[in-house]
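Reviewing the structure listed below.
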Amino acid sequence: MRTSIATVCISGSLVPKLHACAEAGFDGVEIFEPDLVTAYESPEEIRTLAARLGLTLDLYQPFRDFEGVDDDLFADNMRRAETKFQLMQRLGMDLVLVCSNVATATIDSDDVSARQLRALGELASSYGVRIAFEALAWGKYVDDYRRAWRIVERADHPNVGVCLDSFHILSRGHDPSDIEKIPGDKIFFLQLADAPALTMDVLSWSRHHRLFPGEGSFDLTAFLGHVLAAGYTGPLSLEVFNDVFRQTDVRRTAAHAHRSLVWLADQVRRPGVSDATHHLTEITPPQAFDFVELRGSALDEIDLVLEQLGFTFRGRHRTKPVRLWSSGRARVILNEQRGNDRPTHLAAFGLEVADADAALARARELAAPPVFRQTHAGEQDLPATAAPDGMQILFNDNGPDPRWLDEFTYGDPGRADVARSIDHVNITQRWQDFDEAVLFYQSVLGLESEPPREVASPRGLVRSQVMRTPDGCVRLPLNVEPQAEEGRTQHVAFTSDDVVGLARTARERGLSFLPVPDNYYDDLRARFALDEAFVAELRSLDLLYDQDADGGFVHFYTRTLGDVFFEFVERREAYDGYGAAADAPVRLAAQR
Ligand SMILES: O=C(O)c1ccc(O)c(O)c1
Ligand SMILES: [Mg+2]
């Protein structure tokens, strides 16, 4: 299917926007009128540029406040419309979006609106223009796509159809399955937008908080399924009003937007409808973390902490300045190759997957860059890609005991393992990258998103959203931290069956824990009916505790080293959370 995007989605002025849309792979654009009005190029120049870039000009929009008006106003609206049709001829465009009247309508009548739209269609036809009528969620009388369709049906003019916009339909909770009752050739245009679940007026929600498909809470896969079932064959077009996307780099945002459509088109694969170009290589969710890799200026501090935690030194790599620590299947690589001018940071993580080449192929189809790492004869070459923030992700399909382990000096860990595996990797995002990261991890790695939540911190509420596999074997909590300018703290959490015993031993070895205030433990006694001796033990070891209906959670954090710290977690019974409600605020306050 063809892809399109409204120029209002991205930042800057019209000409750079057109370049960015073409470069990102879009087939066409909707020209958002203010972008044209504020441009110094003539309509003819815009038309020529679009043609040269291989972009079709799919929709001119919006034409406002047309229908449901008295005769005087109607005459003036027809005059206004005619000047727009003349402009569209200069642009070489043939489809205009008319959104339902939000301001000047005084007549609440399907019949009047239909007659007025029919007259508009007749005028438009003399310019070779067609009208796509869209119900805005806050339209004065027409605020439901089903009513817009009733009016269009009654207007009964070949040049008058509807424009469906997922936001206006799903934000109001209107049932999208009635779309299938509209003949596909009367759906003149389709606008797609996702949005977070918010409780606010629909106009503000629409104008500031729309997201690209896959980033919010709307079920766009089902929505698009209904539109395709109706027989719609026009472009899939993005119309996302979002204050962040309109401030970020135009080329990057256009690429980000395009990825969302490629992903969505693949979600609704159906024979004969979506074409092969939007079929992504299929993958199954990753099975486990293979390793994490740290780089930076003070890796010897990390050696010490891993030793105190009870990890085993597995030696140096055969050919690279890289060393490995492990415990069970929790593996930490310290890489001295690059990034030594920066504080210690998380630079990469590995995932155990069913098919590493398929994972990389899918990443490339979604325009995620391949990452090449030098390997020498006989060494395992792990296919890799990079997330939008530069985090490298390496794919290993060689099972839980990968071949690459043999490239390090010492084989056998030689003592009982304190950690079993990597439970989660917490990746702090810059606020302007957050939605892009959600889409990246969902589309490229096939992770699911847990509902977003907000965690209290000394600098305000921290947005947090966990991307994970259904079985919980791979979890990536994404956080926006208010102190992100001061360094992007990341952390790696390891699972253990005995966090209390581990903490005791680590303390004897001199490990420096993140100190937990006494008040936390007083509060803990209020929150849960816990054994006093247990609370005393938690208090003496700086351990945190949470529980819910599914089970309990014992965990602790180390102090931050560079931009990294470690966590050890013990999930009791079926506890599936992260201690986000009470423990994360304590951590954020202590770190501050
Ligand atoms: O917010 C608006 O005014 C507006 C304009 C055009 C659209 O297609 C739309 O969905 C909203
Ligand atoms: Mg719209």
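Cβ from N, Cα, C; glycine included.
In TrEMBL, annotation is done automatically, which means it is predicted and not curated.
Annotation comment: TrEMBL describes GLU134, ASP165, GLN191, GLU239 as divalent metal cation binding site. The number of other CB atoms found within 10 A of the CB of GLU239 (divalent metal cation binding site), across every protein chain shown, is 28.
GLU567 (Mg(2+) binding site) falls within a strand when secondary structure is assigned with DSSP. Cβ neighbour count for GLU567 (Mg(2+) binding site) (all protein chains, 10 Å cutoff from its Cβ): 23. Among the features that TrEMBL reports, Mg(2+) binding site is placed at HIS424, HIS491, GLU567.
Under the heading domain 'VOC', TrEMBL lists 421-571.
There are 25 other Cβ atoms within 10 Å of the Cβ belonging to ASP165 (divalent metal cation binding site). Other residues of the chain with a Cβ within 8 Å of the Cβ centroid of HIS424, HIS491, GLU567, the Mg(2+) site, are ASP423, VAL425, ASN426, PRO477, VAL492, ALA493, PHE494, TYR557, PHE565, PHE566, VAL569. For the recorded site, GLU239 (divalent metal cation binding site), the DSSP three-state label reads coil. One way to see the shell of the divalent metal cation site is to take the Cβ centroid of GLU134, ASP165, GLN191, GLU239; the remaining same-chain residues with a Cβ within 8 Å of it are LEU97, CYS163, LEU164, SER166, PHE167, HIS168, PHE189, LEU190, LEU192, ALA193, SER237. The two recorded residues ASP165 (divalent metal cation binding site) and GLU567 (Mg(2+) binding site) have their Cα atoms spaced 44 Å from each other. Shown in sequence order, VAL425, ASN426, TYR557, VAL564, PHE565, PHE566, GLU567 are the residues of the chain, 6+ apart in sequence, with a C-beta less than 8 angstroms from the C-beta of HIS491 (Mg(2+) binding site).
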